[in-house]
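Trainee: One structure, as C-alpha cells, below. Some questions next.
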2 protein chains.
Amino acid sequence: MSTVNIAVIGVGLVGKEFLNQLVFLAGSSSPSRRIQLIYASNSRSALWNDGKALDIATCAQKLADGQGIELPLAELPKLLRSTAERPKVILVDNTSSDAVAALYPSFLMHGLDVITPNKKAFSSGLELYRKIMQESMESGKKCLNESTVGAGLPIVATLKDLVASGDEVIKIEGVFSGTLSYIFNEYSTPSGQGPSFSSIVAQAREKGYTEPHPGDDLNGADVARKLTILSRMIPSLKSHLPEGYKSVSITSLVPDKLASVKSGDEFVTRLPEFDAEFEKLREEAQKEGKVLRYVGVIDVQAKVVKAALEKYPTSHAFATSLQGSDNIVAFHTRRYNPRPLIVQGAGAGAAVTAMGVISDLLKLI
Amino acid sequence: MSTVNIAVIGVGLVGKEFLNQLVFLAGSSSPSRRIQLIYASNSRSALWNDGKALDIATCAQKLADGQGIELPLAELPKLLRSTAERPKVILVDNTSSDAVAALYPSFLMHGLDVITPNKKAFSSGLELYRKIMQESMESGKKCLNESTVGAGLPIVATLKDLVASGDEVIKIEGVFSGTLSYIFNEYSTPSGQGPSFSSIVAQAREKGYTEPHPGDDLNGADVARKLTILSRMIPSLKSHLPEGYKSVSITSLVPDKLASVKSGDEFVTRLPEFDAEFEKLREEAQKEGKVLRYVGVIDVQAKVVKAALEKYPTSHAFATSLQGSDNIVAFHTRRYNPRPLIVQGAGAGAAVTAMGVISDLLKLI
C-alpha cells in the first residue's frame with residue numbers, strides 16, 4: 001500500500017472544486033494506493049493534525065468556521081517535508097499568491113512535489129523561475145502547472161511532449177483569455193456590425209466573465225503571463241523574457257486616459273467615451289474581410305512574444321470555430337505542419353481549472 | 001542515478017522514428033537519469049546483450065543487416081523481466097501484431113510497463129483487455145496507449161483526465177481516420193460539387209494516404225477500433241463492447257459487390273461503378289445545407305457506439321475547420337458544456353505516432 005499525502009493551500013473557488021475532485025479520485029483509486037489530505041489552509045488559518053489524515057469533504061467548511069490553527073507560511077516546507085514514514089507529499093497551491101509561489105523552491109528542497117494553477121512563479125522575473133528549475137533538478141521533485149494556461153485544456157502538457165520528443169516549435173498562436181475571447185467574439189463578427197465595445201464589456205462584467213475591474217483583463221497582462229509560461233518551456237526562448245510577463249510586447253486595450261482609474265464601476269461608466277476608437281478598428285477589419293481577436297503569439301524564430309489585437313480572415317479558425325469564452329491554441333511545429341495541432345474549449349472556471357490540477361496529480365501518482 | 005531500461009519490439013516506420021526521438025530524449029534528459037535501450041527486435045531477429053545497453057542510433061540498421069539473434073517471442077517476458085539490478089524496464093511495442101499484444105499480461109506480470117501504438121489489445125475481445133487491466137492492477141505496472149487514437153494528439157490522456165477527475169462524459173464525436181478525413185474533406189464541400197468519389201479514393205491511394213487496399217480504410221474497422229479503445233475508458237461503457245470493434249455499429253463504405261475483392265488495384269479499378277451511389281449521398285447533403293463526414297460517435301447515455309457516414313451543417317466545426325487528413329475530436333462533458341473540448345490535428349504518420357509513445361514514456365519516468 002503506497003500513500004500519497006496531499007497538502008492544500010487555498011480553499012476558494014478552485015480549491016473547493018479541487019477537493020471535490022480529490023474525493024472522487026481517492027474513492028475510485030486503485031486499492032493499492034491511498035490518497036490522503038494532511039494539510040489544508042486558507043489565508044487565515046490551517047488544519048493540521050501532525051500529518052494524520054483529515055476529512056477531505058469537510059475541511060473547507062471547518063476552515064470557514066474558524067476551526068483552524070495559526071501556522072506561519074514560512075514554516076510550512078519544514079512541517080510538511082517528506083520523511084521516511086511519509087515519503088510522498090504533494091503540495092497543491094490553489095492561491096494566486098506571490099508569497100506562496102516564493103516558497104516553491106523550499107518545498108522542492110524539502111522533498112515535496114508542487115502542483116499549482118497559480119501563474120505567479122512561472123511568469124514573473126527569471127530569478128524565482130530558475131531557482132524552481134534548479135531545486136526541481138536537484139531534488140528530483142516536480143513543479144507542475146498544467147492549469148496555468150487554458151485551465152484543464154491539455155496545453156502545457158502538449159507543449160512539453162512536443163519539446164521533449166524533439167519536435168521544433170515554429171509558432172504558438174491562440175486566444176488565451178476567456179474574457180477577451182468572449183468580448184471579441186461578440187464585438188467583431190464577419191458582418192462588422194453589432195453593439196458598442198463598452199456595452200459588451202459591461203455585459204461581460206455583469207455575467208461575471210471579467211475581473212471586478214475589467215481593466216485587469218483588457219490590459220493584456222494575463223495573456224502575457226500565459227505566453228511567458230509557454231515561452232520558458234521552449235529551449236531557445238528559455239531566457240528570452242527576463243522580467244517575465246513584463247518583458248512581453250503587450251497591446252493594452254485600456255485607454256490611456258482610464259489607466260489610473262481605480263474603480264471598476266467608474267471604468268465601465270467612462271468606457272463609452274472611447275467606443276469610437278474601437279469602432280474604427282472594427283470597421284477597418286470588416287473592410288479587409290477580417291475580424292478582431294485579442295491573441296497571444298510566440299514566434300520562435302523571430303523571438304517575438306506578443307499579446308496583441310490582431311485581424312484574422314473570416315475563414316480563419318479564430319473567426320469560425322471560436323465561441324463564447326473559449327480558448328483556442330494552435331501549435332505550429334515542424335511535425336504539425338502545414339496544419340497546426342489545435343486545442344480548444346473552456347479555458348477558465350473552477351471545475352476545469354481543478355481538473356488541470358488533478359491531471360498533474362495523476363502524473364505524479 | 002536512476003536507469004530506465006527500454007525494450008523495443010518493431011523497428012519499422014514508427015519504431016525507427018521512436019528510436020530517433022528516444023536518442024533526443026536520452027540526450028536532453030536530466031543528469032540524474034539514464035535512459036538506455038536493452039533490447040530491440042524486428043519480426044525476424046533481436047539485439048540483446050544480457051541486459052547491457054545497446055547503441056540506439058544504429059540498432060535498426062543492425063537488425064536490417066541481419067546482425068540479430070533468434071529469440072522466441074514467448075521467452076521475452078522472462079528475459080526482460082524487472083529485477084533488483086534492473087528495477088525499471090519498459091516494453092515498447094511498435095508493431096501491429098496480435099501475437100505481441102497477447103503477451104502484455106505476461107510483460108506486466110514480470111514487472112515491465114508497456115507502451116504501445118498497437119490498437120489490437122484494446123480493441124479486440126474483452127478477455128485480453130480484462131487480463132491486461134487485472135495484471136496492471138496487481139503488478140502496479142502500466143499499459144499506456146496514447147497513440148492508439150489520434151497518434152500524438154492528446155486524446156487518450158484527455159479522456160483519462162476527464163474521467164479520473166469525476167467529469168461525466170456525455171458524448172464523444174470526431175473524425176478519427178486521417179484517410180476518411182481527407183477523402184470527405186475533398187469529396188463533400190459546401191458547394192456539393194467536385195470530383196467523383198472513386199477518383200478521390202484513387203488519388204488518396206496514390207498519395208499514400210490509404211492502406212494498400214483502400215477497402216481497409218473504407219470498411220470503418222479502424223474507426224471502430226479507436227471507438228472501442230475510448231469507450232472502454234468510460235466507466236459506464238466498460239463492458240459494453242464484448243467483441244471489441246466488432247461490437248461497434250459500423251457503416252462500411254465498401255460496396256457489397258466489392259467486399260470480396262482481394263486486390264487493392266482491382267478494388268480501385270472497379271470503384272467507379274459505384275460513384276452514382278455516393279453522388280446521391282453528396283447531393284442529398286448539399287440540399288440540406290450539409291456536408292458528409294465519416295465520424296465516430298460515442299453517445300454515453302444512449303450507449304450507442306457507431307462508426308458512420310453522417311451529415312453536418314456547413315457551419316459545423318467538422319465542415320469549417322477540418323482540412324487535409326486531420327483528425328478532430330470533440331468531448332462533450334458535464335463540465336465542457338455547452339461547448340465541447342476539441343482536439344484537432346494530424347492523427348497519423350510515423351513522427352506524430354512516435355511522439356505519442358514518447359508522451360507515455362514521459363509519464364512513466
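Using N, Cα and C of the backbone, Cβ positions are placed for all residues, glycine too.
As the structure is a computational prediction, the values presented were derived from the model and not from experiment.
In case it helps, TrEMBL gives these features for our protein:
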- B:Lys226: active site, proton donor (ACT_SITE)
- B:Gly10, B:Val11, B:Gly12, B:Leu13, B:Val14, B:Gly15: NADP(+) binding site (BINDING)
- B:Thr95, B:Lys119: NADPH binding site (BINDING)
- B:Glu211: L-homoserine binding site (BINDING)
- B:10-143: domain 'Aspartate/homoserine dehydrogenase NAD-binding' (DOMAIN)
- B:154-362: domain 'Homoserine dehydrogenase catalytic' (DOMAIN)
Trainee: C-alpha of B:Gly10 (NADP(+) binding site) to C-alpha of B:Thr95 (NADPH binding site): distance in Å?
Mentor: 5
Trainee: Closest of the recorded positions to B:Val14 (NADP(+) binding site), Cα to Cα, picking from B:Thr95, B:Lys119, B:Glu211, B:Lys226?
Mentor: B:Thr95
Trainee: Out of B:Lys119, B:Lys226, which of the recorded positions is least crowded by other Cβ atoms within 10 Å?
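Mentor: Fewest other Cβ atoms within 10 Å, among the recorded positions B:Lys119, B:Lys226, is found for B:Lys119.
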Trainee: Which of the recorded positions listed here (B:Thr95, B:Lys119, B:Glu211, B:Lys226) have a Cα atom within 10 Å of the Cα of B:Gly15 (NADP(+) binding site)?
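Mentor: Near B:Gly15 (NADP(+) binding site), where near means Cα within 10 Å, the recorded positions are B:Thr95.
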Trainee: When a 10 Å sphere is centred on the Cβ of B:Leu13 (NADP(+) binding site), how many other Cβ atoms does it contain?
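Mentor: There are 14 of them.
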Trainee: Could you give the number of helix, strand and coil residues in the domain 'Aspartate/homoserine dehydrogenase NAD-binding' (B:10-143) as assigned by DSSP?
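Mentor: Across the domain 'Aspartate/homoserine dehydrogenase NAD-binding' (B:10-143), the residues distribute as 61 helix, 24 strand, 49 coil.
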Trainee: Hey, how far is B:Leu13 (NADP(+) binding site) from B:Thr95 (NADPH binding site), Cα to Cα, in Å?
Mentor: 10
Trainee: Where the distance is taken from Cα to Cα, which of the recorded positions B:Thr95, B:Lys119, B:Glu211, B:Lys226 turns out closest to B:Gly12 (NADP(+) binding site)?
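Mentor: It is B:Thr95, whose Cα lies nearest.
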Trainee: If H, G and I count as helix, E and B as strand, and all else as coil, what does DSSP give for B:Glu211 (L-homoserine binding site)?
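Mentor: It is coil.
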Trainee: Where among the binding-site residues B:Gly10, B:Gly12, B:Gly15 do you find the Cβ with the fewest other Cβ atoms within 10 Å?
Mentor: B:Gly12
Trainee: So of all those recorded positions, B:Val11, B:Glu211, B:Lys226, which one's Cα sits nearest to B:Thr95 (NADPH binding site)?
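Mentor: Of the recorded positions B:Val11, B:Glu211, B:Lys226, B:Val11 has its Cα closest to that of B:Thr95 (NADPH binding site).
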Trainee: Between the recorded positions B:Val11, B:Glu211, B:Lys226, which lies closest to B:Lys119 (NADPH binding site), Cα to Cα?
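Mentor: The answer is B:Lys226.
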Trainee: In whole Å, note down how far the CA of the residue listed as 'active site, proton donor' lies from the CA of the residue listed as 'L-homoserine binding site'.
Mentor: 17
Trainee: Determine, for the NADP(+) site, the additional residues of the same chain whose CB lies within 8 Å of the mean position of the CB atoms of B:Gly10, B:Val11, B:Gly12, B:Leu13, B:Val14, B:Gly15; present them in sequence order.
Mentor: B:Lys16, B:Glu17, B:Phe18, B:Asn94, B:Thr95, B:Ala350
Trainee: Ten-angstrom check, please: count other Cβ atoms within 10 Å of the Cβ of B:Val14 (NADP(+) binding site), all chains counted.
Mentor: 26
